[in-house]
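Notes follow once the structure below has been shown.
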């Protein structure tokens, strides 16, 4: 490390003080250093020191646009407490001073201090405003002339030579300074330490990478002396209090890894690899919410960095509103609630140090994080609706004005002299206003910004068309709009969004003729077939977003005048085909959009899910133009472009980071030149294409992190990829013809995930067994693979899966050193014994050996103390398991079905008594069917092995015979329950199942479910699954009065019924009380039922009905309301004609093949949140299908037994 980098902060401060020189002598000092290095902190220290002497100090944060003298002197006056920034309830006009008056007051205030010298600090110079701007253009230099010696201290990130100034370069912290910053967090770091971390720390220390085997020493090393990295991490750890397993894993990967791995991490996670900082990266990763939590935190994070880059610092309230405008909190039912969510995120950012506050409630991000790169995300434009921060650009004349949240609306702080200029409201709030009159009020006539979420009145367009001063108009999710012609007169618009208006089928061709200032246009979710050609003339247009316009058949010609475009996003325009025009034949094509080379500012291009058959050309060179490259384009997204046949010359895209053509099933050609000059390409995804080969130039994409070729069924051989030394993920699963992968993997030291499943490989790639950092090796269903090499060097391997490799007979070497393994799946292989020393892997969590028919015995597994899942189902020759499982306290699932075991291993008491544990014994000779009622005695009396004798009476309640099947049918079944299966009513005796809460009834001869419940004395059933019961014509027929006497509140919450041919009713007319608390109902293949309920089940939240041939209506009432129903799925109900209820709070709705169900004016209306398109043949185009495809939480399922 250079000597300069070891300069202490105290030494730098001394240099600065020396450079200021003697009193009475003007001077200029410039502090230069990267973002987050501490320049502003040093400036504050200097200001404190000189203030104690004879100095006045003035600060100017130049990370905001200062465009006029008035703004400049208002900033200075606020510092001197002459004026104050407005707060809620204040009227800004009362605080307003004329410019000359402001200057005089500033002078008077400075004279009061009786200090002869002045230090002017220009912080973050050049980010939004320059020194020249304020000193010369805004005449600050003249204003300060009466000070004979003005000393100027400038901080900036870039280094440039200047005359008559002293430049001091600020380097990293010294080791002692870093430790001082970390000192207060020592106890916190100790509390986060995992049990295996001390071993890793010792290894790093032994290798001389850190001085002491502590987390502090590790963070010190990885932080590279960047104070911002240390501060943000410590604040983040304090904020989260505890880390999830996923966060601990990331911590371990980023902080407890060898420095030799940082280069690959930099390639993946940093824009400028030389400035990659693992500690900053960790702080970002800790920001990500749990996968089950859908908060827009990450979108907001990337927005604040983009905002600062283009608009500078922001007033905190404005920043939250910008997040709302970008759609991060959609759907917005209440502006108040959306704002509160944004405020919560903003405070979290501040608590973590990601946002910092300046004077006047202005906030700035920790800009050192702007070097981060998250290729897993869709990018700023991929998640934003407007890109409004780029339109605004820090110019307060183009912003939102001074706004306030009041009465569930955001509006301008209203003064006595001026009208409201900004209104942001939801449809729910506007319902309280008189329709058609709200925007005609006198105080609304100067409106410049109008943002409406889900408005619901018809006169909207007419009212808005009269507001001629509008700059920003956003109408989001308004189904009632079918015509916007009158809005064409709003000539001053900079931003226009009309999205989610599924009834809008046409926009006049001349609509945009006079909107010459338009910069952002979002027409997503419309039913338009053609985009107005006058868009071509919008020379200031930056954002063109038409996502999910499924009827769109053409585009404007972007090469006419729209040269400033930064994003073109037409994702989901499924009818856009041919050549971006409505022509059907090449001879009719006139060259529209043939070449995009003139769009030199384009960053994001998304053609996903369109039917385009070609891409535009990206280079142009003629007598007047030389556009040989498009250096700004970073994302080219072509997912599911099913008619795209070839990739053209992509060489001009020199800074492309992501090329994604996954699902372009007709893609058959990729030119060699496509991958030339791709030094910045990080992700290449050609999955599910028809490419017969991969271009040889792949070898030159040296910084590639992910190579994804899943399900490329025609590729037989891959060219050498051994030069891709930064590769981390390599996936060729499903390439069924792939026989050979050329080149050696020996130098791919960063590779951590390899998937070779379902390929035709007979051996693994050369030297793949030497990759010590490999974490996942997945080789499922490689039917030609007979042997594997010695895997002893894969010391970081965590997942090893060779299931379905039916010819695999041998795995060489020992697993003794693979201490990180936590999942091993050897199912359906030809192995006669387990790999050597696998029984020594104390961290193993899953051992899955399904259908290993040659496996006769297992080694002693007592050391697998962390085992969670143990599955040997279908191992027909397995007749013995050595020793006891009693020490496996984490054990959750044991599947012994279909084995030849005669005895059962002793299970841990803590495990088997936990309500979330399952034992599957079906088709196992451990226990005979007629012995279920004496299961404890049966196991105890066996002459060999252990018994359940030590686990107590509750054991019997935790045994699962067949109910596991319902996890496959219905993935919303929670993980932490056991389903007791009653295939015949005599299988289990009453005493063992009376307390069951979840029960399945299959192929049972009983006439009703209630008779079974009575027979088995089951009074606390919460979930019931019923199928293939041929005699049942009614489910529940017990008397309602008797039910009420048994329980004041019935327990049944979930009911799933299928294949009941005689069922005509869910309950008799006197038995409906049992459904009082029902939340979820699924009815499938019940051909005789005509209606579901005579009364409204008030607590129903989810309803799915399909394949019921005689079902005429859902509810046998004239009209009712299911206020709690969130999800409705109706499929193939040929005579259903009436719903019979209103669903005001419906969130997801799918109605398919219900030909008689026609929307009528007198039909109770589905809630406004849903656009309920009913179709005979097609699913709703804007809804998600049955929730079985997207469960609310992941569920584990073993094979059906």
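Each Cβ is built from the backbone N, Cα and C atoms, and glycine gets one as well.
The compositional bias 'Basic and acidic residues' annotation in Swiss-Prot covers 1162-1180.
The annotation region 'Disordered' is assigned in Swiss-Prot to 1162-1201.
For 469-491, the entry in Swiss-Prot reads repeat 'LRR 1'. Mapped onto DSSP classes, the repeat 'LRR 1' (469-491) shows 5 helix, 5 strand, 13 coil.
Sequence-distant contacts of the repeat 'LRR 3' (517-539), counting only residues of its own chain at least 6 positions beyond either end whose CB sits under 8 Å from a CB of the stretch, comprise 385-388, 390-391, 477, 491-511, 545-558, 560-564, 575, 582, 1182. Feature annotation from Swiss-Prot assigns repeat 'LRR 3' to 517-539.
The annotation repeat 'LRR 5' is assigned in Swiss-Prot to 680-701. According to DSSP, the repeat 'LRR 5' (680-701) comprises 5 helix, 3 strand, 14 coil.
Under the heading repeat 'LRR 7', Swiss-Prot lists 726-748. The DSSP breakdown of the repeat 'LRR 7' (726-748), given as helix, strand and coil counts, is 0 helix, 6 strand, 17 coil.
Residues annotated as repeat 'LRR 10' in Swiss-Prot: 796-818. Proximity of distant same-chain residues to the repeat 'LRR 10' (796-818), defined by a Cβ-Cβ separation under 8 Å and at least 6 residues beyond the stretch ends, is recorded for 752, 757, 772-790, 824-832, 835-838, 840-841, 848, 850.
If you look up Swiss-Prot, you'll see 820-841 marked as repeat 'LRR 11'. Broken down by DSSP into helix, strand and coil, the repeat 'LRR 11' (820-841) contains 3 helix, 4 strand, 15 coil.
The repeat 'LRR 13' annotation in Swiss-Prot covers 866-888. Each residue of the repeat 'LRR 13' (866-888) gets a DSSP state, and the totals for helix, strand and coil are 0 helix, 5 strand, 18 coil.
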Counts by DSSP class (helix H/G/I, strand E/B, coil) across the repeat 'LRR 3' (517-539): 5 helix, 3 strand, 15 coil
Residues of the repeat 'LRR 10' (796-818) by DSSP state, where helix covers H, G and I: 0 helix, 6 strand, 17 coil
